[in-house]
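Look at TrEMBL and you will find Tyr47 tagged as active site, proton acceptor. Taken from TrEMBL, the feature active site, proton donor covers His124. The substrate binding site annotation in TrEMBL covers Asn98, His104, Asp111, Ile125, Ser126, Arg135. The site 'Transition state stabilizer' feature in TrEMBL is assigned to Arg42.
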Amino acid sequence: MSATPGPAGESVESAAASPGTVAARPSVLLLHGPNLNLLGERDPAQYGRTTLADIEARVTELGAELGVDVACHQSNHEGVLVDHVHAARRLHQGIVLNPGAHAHYSIALRDAIEAVSIPCVEIHISNVHAREPFRHTSVTAPVTRGYISGCGVFGYDLALRAVLHRMAEGAEGAQD
């Protein structure tokens, strides 16, 4: 394994899959974008009091119940998020992504999701369509295999189940 440094000294692990090796359990990347490290403190009327650590514990526990490993990462830096998505193609079979504000303008993140060709489900805690008009458009959503918004932290349960469903389909581009 090698580490790719991120802009704030963060690192992204990457590993080439060894031919013939099969992971013991499927793995999903739970990836959080900017400002989500402040969940529980930032705008509780909009996002509630649940912290990022609470969400990660909840999703990891649900993953264990469903027979999947969950790797959790958060970054406030677009390039680090892109690096995690790139690494996911070798390390994980699916992605649950809360891109935060990057959903509205990050073509780099959009292109990374499209390039890796593994199922990705986008999640937002708040109902972005009931908020400011600039939040109504997601540039990342068109290249994901599912989109969940406005269900609060329960949306993460739905997103994990949705990405597992997409992983089980195996057929790229299937939309049922």
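The backbone N, Cα and C atoms fix where each Cβ goes, and this holds for glycine too.
Please treat TrEMBL annotations as automatic predictions, because they have not gone through curation.
Here the features listed in TrEMBL are painted onto the structure.
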{"residue": "Arg42", "record": "site 'Transition state stabilizer'", "DSSP class": "coil"}
{"residue": "Tyr47", "record": "active site, proton acceptor", "DSSP class": "helix"}
{"residue": "Asn98", "record": "substrate binding site", "DSSP class": "strand"}
{"residue": "His104", "record": "substrate binding site", "DSSP class": "helix"}
{"residue": "Asp111", "record": "substrate binding site", "DSSP class": "helix"}
{"residue": "His124", "record": "active site, proton donor", "DSSP class": "strand"}
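The Cβ neighbour count for the residue listed as 'active site, proton acceptor', using a 10 Å radius over every protein chain in view, is 19. For Ile125 (substrate binding site), other Cβ atoms within 10 Å of its Cβ number 23.
Take the recorded positions Arg42, His104, His124: by the count of other Cβ atoms within 10 Å of each Cβ, the lowest one is Arg42. Neighbour counts of Cβ atoms within 10 Å were compared for the binding-site residues Asn98, Ser126, and the top value is held by Asn98.
Taking all protein chains in view, 15 other C-beta atoms sit within 10 angstroms of the C-beta of Asp111 (substrate binding site). Checking Cα-Cα distances from Tyr47 (active site, proton acceptor) against the binding-site residues (Asn98, His104, Asp111, Ile125, Ser126) with a 10 Å cut-off leaves Ile125, Ser126, in sequence order. For the residue listed as 'active site, proton donor', the nearest of the recorded positions Arg42, His104, Asp111 in terms of C-alpha separation is His104. With respect to Arg42 (site 'Transition state stabilizer'), the closest of these binding-site residues in Cα terms is Ser126, chosen from Asn98, His104, Asp111, Ser126.
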